Structure formats: structure tokens, C-alpha cells
Amino acid sequence: DGCGHTVLGPESGTLASINYPQTSPNSTVCEWEIRVKPGQRVQLKFGDFDIDDSDSCHSSYLRVHNGIGPTRTEIGKYCGFGFQMDDLIISKSNEVTVQFMSGTHTSGRGFLAAYSTTDKSDLITCLDNASHFSEPEFNKYCPAGCVIPFADISGTIPHGYRDSSSLCMAGVHAGVVSNTLGGQINVVISKGIPYYEGSLANNVTSKVGPLSTSLFTFKTSGCYGTLGMESGVIPDSQITASSILEWSDQTGQVNIWKPENARLKRVGPPWAAFISDERQWLQIDLNKEKRITGIITTGSTLAEYYYYVSAYRILYSDDTQKWTVYREPGMDKDKVFQGNTELYQEVRNNFIPPIIARFFRINPLKWHQKIAMKVELLGCQFSIGRAPKITMPPPPQNKNDDRNDDRNDDFSDDFIHSVKTSLQTDKTTFTPEIKNTTVTPSVTKDVALAAVLVPVLVMVFTTLILILVCAWHWRNRKKKTEGTYDLPYWDRAGWWKGMKQFLPTKSAEHEETPVRYSSSEISHLRPREVPTMLQTESAEYAQPLVGGIVGTLHQRSTFKPEEGKEASYADLDPYNSPIQEVYHAYAEPLPITGPEYATPIIMDMSSHPSTPLGVPSISTFKAAGNQAPPLVGTYNKLLSRTDSTSSAQALYDTPKGQPGPGATEELVYQVPQSVAHSTGSKDE
């Protein structure tokens, strides 16, 4: 009466003491007899060991024996609280006896152990989870019987399982190993997710789980794609049933729940049997042999009709004449699959090993109210590959020996039968390389090549575009640098900001400085383009014309203008002006007869007689042509512009002897050549 959870499979299994992981009761005993195939040996691994050792293993202990029965020999006797037994216990034969004895004690959980044949070198127990291993990918062998009530898992496929979940129990839930057989698992560790869904699959309930640092999935060579119920690949004519539920509702409308309604996730009613008994079935014709690895079922999915199937059997056939009930290997009973527990939830069951068949039947055994369901089959295409070429041995040379002919015929029949048997064996064991939905699919060579070429091509095109943009930008700058300089470019804001540092600011007395004009320049100016006053210091050399005064470059300039051109200077001059001469873009040297540099003319205006309007003054710049253009209109507009300025200072000189506006000391003025002017006198 001391036996707890126990599953003894043909190659592996799990055993635990009664009430584990709670305290085991006093005065109990249990004995397990383990047998594997002859020629194999048994290895035993403890997942947890906690047995009272207060009396030195006298009344409470665990004893392991080689063999079974009276001839068995003891391998070891063990006890202790929290006893760590990392080493495997290996038998000398294919039979082992495990004996648990519980005496009087107050604490102690007992034990949980797993066993397998010795060829499973990577055996783990049902208590191991992903956090016990540091490798990003590893292979382990799960024993049979890891669906235990005291272990929890969180998650589902294909999203993955929380790292705190039992590896082997999650493997059963995912359908990669069988609870009655155990098997090999290939685990892949990856980054965790914030939320883990719960589901019911293979009689294992996965719970909803919170955020974790890591998760794990499984890599297999199986196939888990849908076979066409939901998508409609399987036509309605290939879905049949033993009976169909048909009735009229209160409005008189006839409702028929036909077999073709049994498509998973299809909106509307399901298939339902007219009579609810164990002889009903739903049949699906796959049109040819398929490898069927699982099934997903739901109930009616209609809230007003709370119908679902809670348990069923699976039958399969190649011709609908002879049907085979699905059984797990080594079992002599039909396997009963757990169905739904309510009408909405999808429940998955996997077939290990998979079913190879064309016709597939579901036989409900238990249901709620009525037999009603929707289904989807999981699997993939099945092919046995190319048959080997049959090469017959040469017949004997003696044609008269009939015995040899008979032997040759017998040998041929045996050889062909052997090949057929081999092909049939391959048919049931061949596993096509199909992508598994429980893990990240492997990348093919084409995908890997594309993953490399696409970034390289993007980088190449990006580089070419950058080179073209840079070349275009450099070419434009080069053209601007090497092209003819136009004076209108002087008015650029950048040039003006750079020149401000060379110009003095206005003093409190509004001191005037000489301003120089060219007759041809004035003729091309609009009133809005004439600044109020251009302040500059008297220089030893001719200063550049700034502030929008100059329209063209003259021969006697000694500086090179800036680049750029503003659209305002492109406006047409509303006044007539003579044809201008074409001058060089750069300043030409002064004539040899004259001074080397243009020198400002300083006139003593205090003792100079008044000059009537129309008398020409002296200019330091050469006019465009031999005669100066008329500037009456321009002159009037210039005066009107200067009168509106804040400084109220005139741009032309005042007759000698008459004080200019705001002048407190001797001033110097220069006016354009051959320009008639008039000034007025003001007393301060």
C-alpha cells in the first residue's frame, strides 16, 4: 500500500512513493518489478529523495536489487533527508526490483525516480525543467509516465513553454513524446515572452503563465500541418457520417447539421448525430494515404446548444472495408482519447507513432447532451520514396537442371518478397523532413543566400546614390567657383554678414562717411534698392560697392566680387539707360598715367562756394561711356529714399559754405560725375 504514481513502460518508466510530494504515511511498503528486453540493462535515476534516516535506514529505506524473485541480489540500500544521488544505479541484468519501506516517522516526502535501458545515456526525470540546463539547445530522454498531477506547465505550441515547466510533461503536451512510451526530446531555449497561453492537449492541461526570462520549444522531424478540413481542401463529398441531426425550430425553419459542417473554426452549426450512442462516427476521406499526426476537436461552438464529445476512439482504413482501431505500441487495449470539457475550447491529441491511412473515422464514446463536434486533422503528405532497383542474379548455366530452375524461381520470389517487405517497413517508419510548428523553422540555403545578398545589394545601391549626390554637389560648387562673378551676388545675406565686421556702426552724432557712386550704377538702381546710407571708413584703396549699389563691374574696380545673384536685380529697369559696355569680371589695373590706386578726393566744403545744380562734381569711379547718362529721375528717387531714412542724411554733397543737415564739423562728400544736383541748407 506504499505505491504512488507508477508507469512501467517497455523501455522506460516512472515510479514514486505514495502521497509524493507530501509526507508518506507510516508503516507502508511497495515493491516494483522492472523488466526490459533481454540483453538490455536497467539504469535508475532519482529526481527527488527524502526518506527519514533517524534509525540509520532500519525501518525507512529504499532498496534496489538485481533480478526478480528469490534469486535477486542487493545493489544498495538508501535513506536520508534531501539525499542527493546524482549517479545512476545500473543493474547487471534486464530485471530490477525496487523496494520502498516506510516505518514510523514525522517527515519525509519519499522519492520519485525514473528508469530506462542503459542505451539512453541522457535520461532525465519528470521533475527536470529547462532552468536546470544552461545550453541553448540540448537532447534528453524523457521516461514514460511524466504526466504527473503534482507538476505544472505553462504555454503551448508553437509559442513555447515557460522555463519553469517540466520538460517531459511539456513534451507530452506538445505531442513530441508519448506518456506511455517516453522518448527523445530536442529542446531549444530562447527569450521569454510576457504571457503564456493555456490549453488542453494529450490529456495534459497547460496553465496560463506570467512573464519569464526564457522559454523552450521542441525540435522534431514530424509534420503538424493541417490537412484541409478548415481550409476546404477536403471537399464536402469526402466528409460523411453515420447519421445527421435534423429538426425544425419554433419558427418552422429546418435545421440540418450535416457532416460538412464539422470544419474547425467554420462559423455556424457543427456536425451532430441524429442518435447519440457509441455506434456513431464521422468519416473523412483524405483522397490518398496521408501521414496523420494529430487531431483537434471542439464542441458545437453555439452557446444555445451546449453539445460536445468528451471521449472518442480513432479508426483508420485504406479501403473502408477493414478498419483498425488505434492502439499505442505494446498495448493490448484500444486507446481512448480525451475530448472536450466544454463547447468552445480546442483540444488536441497526437498520434505517436503517426497513422498512415486514407480513411479516418472518429467514434464518440462519451458526450454531453448530444454528439456534436468540429474537427481538423494534422499531418502531412506521405510518400515511400523511390523503390530500389531489383537486380536478379544470373540463372545457372545448366539448362537441363530443372531443380536449379525451380530453385531460381523460388529465390526470385523470396527476393521480391523481401524487397516488398522492406518497402512496407519503410512505409511505416519513414519520416519526411517537414517543418515542425513547435520551433523556429530551419533556414534553407536559398533563404540564407537571399539573407546575405539583399543587405549587400542595398548597401551597394545606397553607396552609388551617395556617390552620385556628392558628385553632383561638387560639380555645382565647382561651376560656381570657376564661373563669371556677378555683382548681384554681393547682396547675399551671408556676404553681408561677413562684411559687417569691417563696417563701423553709426555713432551718436550720425557721422557721415564718403559714399561713392558710378553714373552707370545709379542708372540701374530702383529707389527701393538704394540703402539709406553706406557707412565705411576711408581706405587707402577703392572699397567694394556694397548694399545693392552696384549693378555692373567697372574697369577701375580693384576687387573681386562675391558669387551669387538675387532675383531682385533681374527686374527690368523702368528708366532708360544707355547701352553698357562689357567689362571683365575682375577689376582691371588702373592706367599707367594715373595713380596706382583710387584715392578719395577730400574737399574743404567749408570755404568752397556754393555750387549750382547741374555743375559736375568729381567722382573717383569711371562712368560707363564718355558721357554721363541723365540721372534726373533717379536722382529725385534717391533723394526721396534718403529723406525717409532714420538718419535723414543726404547722399549728395552740400554746396560749400552751407552747412549740411546734422553736420557739426567739416565733412567730405563725393558725387557722381556730370550729375546735376541741388542741396538745401539747414541751420542746426
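Heads up, the Cβ atoms here are built off N, Cα and C, so glycines get one too.
Just so you know, TrEMBL annotations are computer predictions that nobody has curated.
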Bond partner of Cys3 - disulfide, per TrEMBL - picked from Cys30, Cys57:
Cys30
Quick check on the disulfide-bonded residues: of Cys3, Cys30, whose CB has the lowest count of neighbouring CB atoms inside 10 Å?
Cys3
Taking only the residues in the domain 'CUB' (3-118), give me the average pLDDT of this model.
91
